[in-house]
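Record features, source Swiss-Prot:
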- LYS44: active site, proton acceptor (ACT_SITE)
- TYR273: active site, proton acceptor (ACT_SITE)
- ARG142, MET321: substrate binding site (BINDING)
- LYS44: N6-(pyridoxal phosphate)lysine (MOD_RES)
Amino acid sequence: MAVTPISLTPGVLAEALVDLGAIEHNVRLLCEQARGAQVMAVVKADGYGHGAVQTARAALAAGAAELGVATVDEALALRAAGISAPVLAWLHPPGIDFRPALLAGVQIGLSSQRQLDELLTAVRDTGRTATVTVKVDTGLNRNGVPPAQYPSMLTALRRAVAEQAIVPRGLMSHMVYADQPANPVNDVQAQRFTDMLAQAREQGVRFEVAHLSNSSATMSRPDLAFDMVRPGIAVYGLSPVPELGDMGLVPAMTVKCTVALVKSIRAGESVSYGHTWTAQRDTNLALLPVGYADGIFRSLGGRLQVSINGRRRPGVGRICMDQFVVDLGPGRPDVAEGDEAILFGPGSNGEPTAQDWADLLGTIHYEVVTSPRGRITRTYREAHTVES
């Protein structure tokens, strides 16, 4: 697998470069792992920080059959961009207006009787039949119809089908252990899901597709594929089970900036607010023009590393709102103002990765890639740079 060298876009101070070729590679791999089941690529939260429209197009080009988002507004943004593929939205607060979704052909995920009632109001107002997926709670105790309320939900669905108000497209649930494919709770959830699918059939509600698998299960539990899988983080090349390595996935995002300033300081001089770092010898510093307002976590001060000219350099001192400092070491500096600094990327050239940041922060790489903002401009490399 070949990845072309990274270079900063001219005129851009800092950027999150998204390699659409990596997205396509990852989705092709997920399609292979799905073993005949369809793939719904999840592009919620603006494509996990990668850009929902661009990543959706890349995922569809690579073989994804459908798209998944959290909110109706996210689905409508895809429609506004000209994406006509099936889109499912499943997170709805009280009082939501489902009419624009119905008019745009967006599929609606339902987790309660209240949501169904509000949807049926929109059906009457628009004259459009709603295509629905019922989300059931199999143990996460978050979004989804609880088992105790499921029988009455099925009764209401059956009545709505008889009135030609809805088409029952799918049954879905969400897994508790996103990064532990062997956890026995996964099997408990799968059995509950299977039972609820059978219960629907017994009550005369027949769903066209059922889907439970997240990224982890798609990559490692083919027995949980049902009719469709619903990967999220793996679409973007981040391993759903970091302990198992990259699993053949290629991280799509690289965050980088220009070196704004290079300067020398003497031994004993200190850096940034609070002087938390003091030079032990004469050294050179590079100033990078991004900070915590741009998604560079303040808690990484004095802990992160940055790759400049093929070498990792330690960050020193506190990270500020819009800048931080790295130590280039003594002697004649081998870094010049205007050089490229890579904060994290795929790691193929030795640069830090999103997983490295997650490990330092005690969090997950999902949080890292959804954090770049502010003055970090999102840019794209077209889908011809990664080869399977």
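Here the Cβ of each residue, glycine as well, is placed from N, Cα and C on the backbone.
Taking the features listed in Swiss-Prot, we show where each one sits on the structure.
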residue	record	Cβ neighbours (10 Å)
LYS44	active site, proton acceptor	18
ARG142	substrate binding site	10
TYR273	active site, proton acceptor	10
MET321	substrate binding site	13
TODO: Determine, to the nearest whole angstrom, how far the Cα atom of ARG142 (substrate binding site) is from the Cα atom of LYS44 (active site, proton acceptor).
DONE: 17
Open item on the list: On the three-state reduction of DSSP, what should I expect for ARG142 (substrate binding site)?
Closed with: coil
Task: Between MET321 (substrate binding site) and TYR273 (active site, proton acceptor): CA-CA distance (Å) - done: 11
Task: DSSP-derived class (H/G/I helix, E/B strand, else coil) of MET321 (substrate binding site) - done: coil
TODO: Write down the Cα-Cα distance for LYS44 (active site, proton acceptor) and MET321 (substrate binding site), rounded and given in Å.
DONE: 28
- [ ] Going by DSSP, give the three-state secondary structure for LYS44 (active site, proton acceptor).
- [x] helix
